[in-house]
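As written in TrEMBL, here are the features:
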- D98: active site, nucleophile (ACT_SITE)
- D100: active site, proton donor (ACT_SITE)
- D98, D387: Mg(2+) binding site (BINDING)
- D100: GMP binding site (BINDING)
Amino acid sequence: MDREPCAHVPAGVLRENPGQASKCLFNLCACVCCVPAALVKILQNKFNRHCKESQLHAVIKVPIHTLDSLSACHLLNSSTVYANNEVNLDEVDIYGFDYDYTLALYSNALNPLIYNTARTFLIEHFKYPEAIRKYDYIPNFAVRGLHYDIQKGLLMKIDAFHYIQPGTVYRGLSPVPDEEVLQLYGGTYHVPLQQDSGFYGKVRHIGPKVKQFMDIFSIPEMTLMAVANDFFITNDIEYDPLHLFKDVSEAIGMVHLKGYMYKWIMQDLDKFILRGEETDAVLHRLVSHGKKLFLITNSPFSFVDKGMTHMVGKNWRDFFDVVIVQADKPHFFTDCIKPFRRLDGNGDLRWEKINSLDKGQIYKQGNLFDFLRLTGWRGSKVLYFGDHLYSDLADLMLRHGWRTGAIVPELEQETRVVSTSRYALNLTWLQALTGLMERLQVHRDPESVQILQEWQKEREELRVMTKNMFNPHFGSIFRTCHNPTYFSRRLCRFSDIYMASLSCLLNYDLTYTFYPRRTPLQHEAPLWMDQLCTGCRKTPFLEEMSQIR
């Protein structure tokens with residue numbers, strides 16, 4: 001049966017034509033997510049049961065034959081490149097890359113090492129109680145993009161409108177009741193903009209109250225922050241959350257500054273670096289099509305050289321027209337003070353003035369303004385990839401007009417969840433219930449009010465169930481209930497395209513154009529086929545890509 005167009009149903013139609021109204025309502029729900037045919041009967045039973053519980057059943061009764069069977073999103077795959085903005089690869093001549101979590105993807109085995117070493121610094125350097133050592137690393141406790149209230153010692157998830165998502169606020173390792181959250185924030189879940197960290201997610205000297213963690217490396221930092229808070233709280237020891245925040249941040253920083261992370265990875269490249277052969281395939285493909293490549297990373301040359309040799313081979317520098325290490329991003333993109341320095345074959349600094357950026361050479365520090373002057377690479381013919389939305393991508397898009405691509409490894413797990421039948425059932429019924437509540441809230445009789453209250457309760461239960469499918473503490477990194485997260489909004493703002501890994505590019509021809517889906521605005525009706533999920537469409541070269549994996 002052909003499905004009739006989904007549309008908001010005016011109140012008059014709801015009263016005068018209940019069959020058509022309920023049919024449109026369910027179609028509206030079904031277009032949100034593909035539902036397996038086996039689930040349609042479950043949804044029908046749920047729908048009719050709720051309708052018959054009230055006098056409202058005469059208004060919203062829906063016959064079973066009006067619901068068509070839909071196919072599940074089994075074709076959804078994490079190898080898709082998703083577009084926030086239209087990008088024609090045929091117009092891109094120059095490809096730039098960050099190194100960590102872009103060219104080199106790391107396994108989760110790195111996180112407990114960072115956590116354990118920082119915990120040791122906290123105890124031995126900052127003289128925190130030895131008992132904190134009993135707290136082991138907790139995998140999957142935190143997710144990227146969370147906010148931390150420095151003065152209150154609270155870890156939380158905030159949406160794109162600066163509202164805290166209920167049920168995602170933690171003091172230490174324990175959830176904070178929603179009622180207490182409201183009391184702490186003056187009767188609202190809203191966090192004012194001026195309290196948030198600066199544009200790059202870094203804490204300004206004047207001291208914002210809330211810090212956002214946007215780096216993948218920050219996951220063990222958030223876990224250690226929660227653990228340290230939990231220790232003092234559970235042992236009833238008075239402490240200053242501001243000092244704890246600074247101490248933990250510095251302990252994590254010492255892991256990186258002292259080179260521990262670099263040493264671990266270089267000692268066991270096979271354990272920590274993932275998909276090196278796919279990075280090799282991407283670079284070979286781009287160079288074979290005449291594209292220019294460059295690398296700008298904050299990591300030191302010895303570390304990058306070891307990893308790139310492992311993934312690509314000892315001649316990896318032949319792929320790149322310009323290689324810049326220890327660039328000090330994001331300052332590399334904003335400052336015009338630090339000059340470029342050249343490194344010799346041993347990695348030692350040379351002192352001559354840099355008048356050109358030559359292929360085969362290694363450069364240190366520098367700044368984007370000199371980079372643009374010496375290369376002439378400007379505007380939308382440049383596409384730069386990185387994992388950090390602020391440090392890697394924001395300035396390039398907003399100030400210099402480069403195309404940007406975000407690497408979001410979490411997409412693999414998120415797409416697996418979205419592809420499940422359980423998620424499809426929960427989300428579809430959640431949307432159906434929301435639509436019922438929206439249209440039927442005008443009924444004021446006692447029985448109707450009671451049913452609406454029951455629907456509200458069930459809706460909240462469905463929200464919790466859906467959140468827990470991604471992460472039992474904080475849910476999806478992309479959504480809070482129905483709104484995008486703060487992270488998700490920045491992802492859309494600072495990246496033209498985004499993907500789970502660079503290898504996703506292998507699924508597409510280098511003349512391919514990525515088109516963003518035209519999602520309807522709130523005042524628009526979702527009437528066009530463009531509402532189909534991008535990830536459900538077969539990527540052009542997915543079968544060829546599978547041979548590389």
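Yeah, the Cβs are placed from backbone N, Cα and C, and that goes for glycine too.
Taking the C-alpha positions, the distance from the residue listed as 'active site, nucleophile' to D387 (Mg(2+) binding site) comes to 8 Å.
The separation of D387 (Mg(2+) binding site) from D100 (active site, proton donor), Cα to Cα, is 8 Å. Same-chain residues at least 6 positions away in sequence with a Cβ under 8 Å from that of D387 (Mg(2+) binding site) are, in sequence order, D98, D100, Y101, T102, D215, I216, A406, I407, V408, P409.
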